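Read through the structure below, which is laid out as structure tokens, and then see the notes.
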Amino acid sequence: MAETAVIDPPHATEPTSLPTESADPSGPAPSDENALTQPSESAVTATTDADGTQKKTKKIIRRKRRPARPQVDPATLKSEPPPQTGTVFNIWYNKWSGGDREDKYLSKHAAPSRCNIAKDSGYTRADKVPGSYFCLFFARGVCPKGHECEYLHRLPTLHDLFNPNVDCFGRDKFSDYRDDMGGVGSFTRQNRTLYVGRIHVTDDIEEVVSRHFAEWGQIDRIRVLTSRGVAFVTYTNEANAQFAKEAMAHQSLDHNEILNVRWATVDPNPLAQKREARRLEEQAAEAVRRALPAEFVAELEGRDPEARKKKKIEGSFGLEGYEAPDDVWYARTKELEDARKAGQLEAPEQHLMIEPAPSSSSAALPSQSEDTGIFSNSTVAALRGLAGGNVTTQKAPVNSGGPLVAYGSDDDSD
């Protein structure tokens, strides 16, 4: 009797159970059509036959993404008015105005919850809608809808592109930043740097900031002012910076501090400005590489020696010692490629094997047409064929000189 054993590959992790039921028995079970497949995992299966030979087969296991779980219980959500700190309540801004001015930093309250990407992320209804925005309450860790939410419950990636006048949550940006550099931000420039203040000062402050903020996306660089408890975190993607700003607002790191997360102003350091200009140049160069043909890009970057030889031979256009400029050579190459593509799209023209015989009327006409009057010979022949041959032509009269012919002048200047 054959024996079967499953051998996990060395790099495979411990398999996780598939979510077959919701955590809440009363909640609906996730359907197969809503589930999105994750990258497949493989396992090696060893089978021993009766004769003792062992076979190894590779088994592909496709796992489904779990549904997004509710982060808070909807029954615990309460809409309480803010404490009275003034004399007039503004219903539009939901706060009090007037009275004694309070300290805007000491009056901050810690966030009630925090998003846990490893446990809270999953598929929602927004995964079926292209161009959906991310859930703001999910980033803050207080979304009660779970997989029934109309927004995305995951981290932004490089493939999530939005209009420059809105952020990743779908909120409209403004032409300028607020005075405190908070809020949504501005659409005048791409800001990927966050200002993080009120950090508890320790010796390992850079490691603590990196560990907590790396959860929200890939970090480009971190600059820490240890003595002041301030850090500047720069992400590689602007959408991740927007997500991290909302996720870490009023949160704490390893101590009980309440963070002050804002947008960073323009760095006055010349090295930082050069670094940003170099990054923009690299983005422009990447856009040019995608627009040009791959052969031409490889030739410009010197990665294709055969292309250099081809340009040296064919780029002279038959003129010895002539080297065509890059724009001329590229225009000629593009023209040939367009002609080749047009030839592939259009059907080839079929040549006729038998030429059509000339018509009797055209055969009777002389090979040379002489203008003997107002109409040419071919026109007269056509008119004769229509009128039955009763067409007469006359030559155009020669204009006479008139009374001024042989006119003599008495002036001696003749």
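From the backbone N, Cα and C atoms, a Cβ is placed for every residue, glycine too.
Model, not experiment: these values are computed from the prediction.
Annotation source Swiss-Prot lists region 'Disordered' at 1-86, 351-372, 390-414. Taken from Swiss-Prot, the feature compositional bias 'Polar residues' covers 34-51. Look at Swiss-Prot and you will find 55-68 tagged as compositional bias 'Basic residues'. Swiss-Prot lists 130-156 with the feature zinc finger. What Swiss-Prot records for 192-266 is domain 'RRM', and it gives sequence analysis as the kind of evidence. For 356-369, the entry in Swiss-Prot reads compositional bias 'Low complexity'.
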- Item | Long-range Cβ neighbours of the zinc finger (130-156) (under 8 Å; 6 or more residues past either end) | 30, 34, 67-74, 77, 111-117, 120-124, 162, 166, 168-171, 216-217, 237, 239-240, 242-243, 246-247, 249
- Take the domain 'RRM' (192-266) and average the pLDDT across it for me. 94
- Secondary structure composition of the zinc finger (130-156) [DSSP: H/G/I, E/B, coil]: 8 helix, 3 strand, 16 coil
- Go ahead and report the DSSP secondary structure tallies for the domain 'RRM' (192-266): helix first, then strand, then coil. 25 helix, 22 strand, 28 coil
